[in-house]
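> So that we are looking at the same thing, I have put the structure below in structure tokens.
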Number of protein chains: 2
Amino acid sequence: MKPLWIIKIGGNVIDNPEALDSFLKDFSALDGAKVLIHGGGKIATQIAKGLGVETQMVNGRRITDAEMLKIVTMVYGGLVNKNVVAKLQANGTNAIGMTGADGNVIKAIKRPVKEVDFGFVGDLTETSINDTTLSQILEAGLIPVFAALTHDGNGQILNTNADTIASALAVGLSSRYETKLIYCFEKNGVLTDINNDDSVIAKINPAYFEELTQQGIIADGMLPKLQNAFAAISNGVKEVYIGNAGKLSDINQGKDFGTCLSL
Amino acid sequence: MKPLWIIKIGGNVIDNPEALDSFLKDFSALDGAKVLIHGGGKIATQIAKGLGVETQMVNGRRITDAEMLKIVTMVYGGLVNKNVVAKLQANGTNAIGMTGADGNVIKAIKRPVKEVDFGFVGDLTETSINDTTLSQILEAGLIPVFAALTHDGNGQILNTNADTIASALAVGLSSRYETKLIYCFEKNGVLTDINNDDSVIAKINPAYFEELTQQGIIADGMLPKLQNAFAAISNGVKEVYIGNAGKLSDINQGKDFGTCLSL
């Protein structure tokens, strides 16, 4: 099977024009088929403020009411996505901006209301990814760039977590491609000492993951991140990398990039 | 050659949710390959006002400074485009939202500053349309839905007139498809009496066009519209229709739709 990189960048890269330009250059230099998923950064919150729409967060997640949905659709799907695509084109990468609605490639279910009503937020299922259309787009030599939006198939756009989309794409495309998932964030990788950015753990397999968890070295926010990564691996993803967006060029140079999780 | 419908809807349809839903249903029912191009409607002006960005128009054209470009990129490329795509998906049409930057399908040149500085506005050339990538997308069974945005190939998004994009797509794809261009607007077609919406001229060929122009029946805003239409026809487009967005279903039923221009 052909390799396919699936790379997610967070808001910290989107919010910093220089970091974004540098990342997009490195992304363009990466050989082979690839997919980019981007978050929205602080721009959505700024635009919401400008328009007098209140941003509500619960446990670090955005509540997406009808007005906020308009804003994230504008900002993620329009402003951020099209500028990333235009910049990639300038770097010689034949990018095509997408949401899950485009080509019906990611169909989600509106999150059921339990303790919290998250509003127009989409959850993914095992059948969310349309690998047929996605592989047609990839085989045409196009590089999909996803805003973190999906649809429900009944005309409703839904706001969907970018990490979740990246993971679902990597799993959903693993029957056609050797998928490698990269989560870019602000640190150099999974660290043994959270205060020392050089203390990167190069490789983690499931047994070592258990050991690190029992020792308390992996805890807090990193624990669910790695649990999700190993879930993706047990569902067909070859490798998951967690590393610094600014160091993506290390992969091209054959160096270690961040922390590599695999079986 | 296979037929290809290229249909442009204006802001008046976008601004009216019921008219839009009805149009998208009719568009979905139209057999065969097709492309939709949409304007932005009044939403961009409303959002601009909400954000304190002044809308400047010269001769009915929007001046697109850096702040206004952000707004049209958000509204046309995000809010309007993604909602149209999601609604088409609900109607069983496998729509894919695009701008000229996506897949590098429409490359424009920033309009040179003469008497007026239109700002980030893109003009099209004979080589603007990338028919190779567009036909790959069409052959995959996807229905491109264009926001009226292009790019310059150097990372800059440009605001571009939707009528011009529609015409350029029809001409640029005419070597691969039998292209038929439809301009939907608020009237039933080209009228002999501007006050009588039933006075539609069913067919106009170049000789009749000259006659109607000399008689003063075609004048004002309709004159350049029809000149552009005949220019498209002399550059390979089979037929150009000008008619009412609310009556698109007439085409499916084999009835006359608006005014048909052809050789």
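Just so you know, glycine gets a Cβ as well, placed from its N, Cα and C.
A quick note: this is a predicted structure, and the numbers were derived from the prediction, not measured.
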> Could you look at B:Asn159, B:Asn188, B:Asn195, B:Asn196 and say which one TrEMBL places alongside B:Gly40, B:Gly41, B:Arg62 in the substrate site?
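Site partner of B:Gly40, B:Gly41, B:Arg62 for substrate, according to TrEMBL: B:Asn159.
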> What is the number of other Cβ atoms found within 10 Å of the Cβ of B:Arg62 (substrate binding site)?
21
> How many other Cβ atoms sit within 10 Å of the Cβ of B:Lys8 (site 'Transition state stabilizer')?
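Excluding its own Cβ, B:Lys8 (site 'Transition state stabilizer') sees 26 Cβ atoms within 10 Å.
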> Just to confirm: which same-chain residues, 6+ apart in sequence, have a Cβ under 8 Å from the Cβ of B:Gly41 (substrate binding site)?
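Listed in sequence order: B:Gly10, B:Gly11, B:Asn12, B:Val13, B:Ile14, B:Asp15, B:Val80.
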> Ten-angstrom check, please: count other Cβ atoms within 10 Å of the Cβ of B:Gly40 (substrate binding site), all chains counted.
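A 10 Å sphere around the Cβ of B:Gly40 (substrate binding site) contains 26 other Cβ atoms.
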> Can you check which residue among the recorded positions B:Asn159, B:Lys225 has the largest number of Cβ atoms within 10 Å of its own?
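Counting every other Cβ within 10 Å of each candidate, the maximum falls on B:Asn159.
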> In whole Å, how far is B:Asn159 (substrate binding site) from B:Lys225 (site 'Transition state stabilizer') when you measure between their Cα atoms?
20
> Just to confirm my parser: what is the rounded mean pLDDT across the domain 'Aspartate/glutamate/uridylate kinase' (B:4-244)?
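Mean pLDDT, the domain 'Aspartate/glutamate/uridylate kinase' (B:4-244): 95.
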